[in-house]
């Protein structure tokens, strides 16, 4: 068994960081005040502590490199044997955002790492995937490219008020868009492969399956590893109703052979709204069917109302409180959607955007004792460790906050925890997010409802105005902005915006909310004029106030209306 490495430290034994390590790892600690080491045998949460013996490893790109030898000092930690050779220190199943981040960070810390991924495809399946994962290949990136494409029709319409005239009506070629989009995806997956290669991460193509806590099978080839990371993401979910075989999901919607003429989109979440905006902008007839009264469950109520109204003004038809019951194919090839309220006919496509499920099927996790939720999500602790000490999970497969930047954060934190002796919890405070609907949404922090529940005394500032650009275009576009402030501390608890450039604007305010800035800090900040963003630093009087004992939910007579509107 490898000897326990000695950590010479000038940190006091009362240091929280040192106390954490002492609780989690078997360490021989040398402190300045101690003349001899004391060995601490401790529980299993972290898997390994490492000696610094050099090792030469041969990777798939045939380059040799020297790395630190990471050997588990106590087999009771994660079951790995300290004197046994393992092919890798970390084997990751899934080369999406979280898996790639964890793998390349691991090698930068001196560990050996491999990642396996299915062959490239724009549509995921049990046999196809691709390096880059959902975000790069069938999520954030291709969707945003289609959002850009769809916005041009609005720009053409806007431009008339600014003097632009067109001899012919602009037309759109769907085939060109999809071909160019797919070429960009091929370029991006190549970049990701290059990143892995440069980081000395071995990339293995194939489907990975966990055989035991330290063994992975990739299409019949066996690899041993000290730690396994599951980062396989999720897949679109279509409910089991008659005619479901006629439905498309978000993967297919990004890669259709032809543009829809009339499309039914079932779902009221961000994916449904984003695709509704895309197809509406590309001059398709769009109908959105939602089970609830409003779209975007979980978002701020004012934002939910505002975005629904604005999208309706652009010609999208919302069918509220309707549940899908069946899809019926007509003799002419068109589809009808039967709902709890009736039947709507004549659709060229029926799309379901009814959520995503963790992609944990056929990974062998049940056989090794990994605990999962009813929806298939892998249950993890605050350090992303599963119920099996040597198996970890990050990203959408854990169903925590299903955002690409969050998966990146989780992957980086895991690598630090395992291979840098730096136990790191992902920080989920004040995570900003965006919905690329049209108009788009940017939000960070608490909703009004959450703030009232958690703090009681809350001041709400809102502004609903016509942006400068719309004054000449003559279009009904408006912008909604909202600040939620703790009345007792003056701390800004939430920032919400719906309108052009909201996602770009919210990133900066995400820093402000994370830093704990106050409304006074906002008020003391000079605005940039003329911009929509300056509204966030010029809203002086609250629209309404809420107090624990009594609610003043009425509009303030001093409520601010945007200047110049």
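Glycine too: its Cβ is placed from the backbone N, Cα and C atoms.
As written in Swiss-Prot, here are the features:
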{"type": "TRANSIT", "residues": "1-74", "note": "transit peptide"}
{"type": "BINDING", "residues": "97, 98, 117, 134, 135, 143, 208, 396, 404, 529", "note": "FAD binding site"}
{"type": "BINDING", "residues": "97, 192", "note": "glutathione binding site"}
{"type": "DISULFID", "residues": "135-140", "note": "disulfide bond"}
{"type": "BINDING", "residues": "268, 271, 274, 291, 297, 355, 434", "note": "NADP(+) binding site"}
{"type": "ACT_SITE", "residues": "529", "note": "active site, proton acceptor"}
{"type": "REGION", "residues": "544-565", "note": "region 'Disordered'"}
{"type": "COMPBIAS", "residues": "548-557", "note": "compositional bias 'Basic and acidic residues'"}
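Here the C-alpha separation of residue 192 (glutathione binding site) and residue 97 (FAD binding site) works out to 9 Å. Take the CB of residue 355 (NADP(+) binding site) and look out to 10 A: across all protein chains shown you find 15 other CB atoms. Take 268, 271, 274, 291, 297, 355, 434, the residues named in the record as contacts for NADP(+): the widest Cα to Cα gap among them comes to 22 Å. The Cα atom of residue 297 (NADP(+) binding site) lies nearest to that of 404, taking the recorded positions 97, 208, 404, 529 as the candidates. In terms of Cα spacing, the recorded positions 140, 291, 355 that come within 10 Å of residue 404 (FAD binding site) are 140.
Annotation for residue 271 (NADP(+) binding site): spatial neighbours 250, 353, criterion Cβ-Cβ under 8 Å with sequence separation of six or more. Within the set of recorded positions 268, 291, 355, 434, 529, the entry lying nearest in space to residue 208 (FAD binding site) is 355 (CA atoms). For residue 404 (FAD binding site), the Cβ neighbour count at a 10 Å cut-off comes to 20, with all displayed protein chains included. When each of the recorded positions 135, 140, 434 is scored by how many other Cβ atoms sit within 10 Å of its Cβ, 140 comes out lowest. Residue 117 (FAD binding site) falls within a strand when secondary structure is assigned with DSSP. Residue 274 (NADP(+) binding site) sits 21 Å from residue 97 (FAD binding site), counting Cα to Cα. Looking only at the recorded positions 117, 135, 140, 291, the one with its C-alpha closest to the residue listed as 'active site, proton acceptor' is 140.
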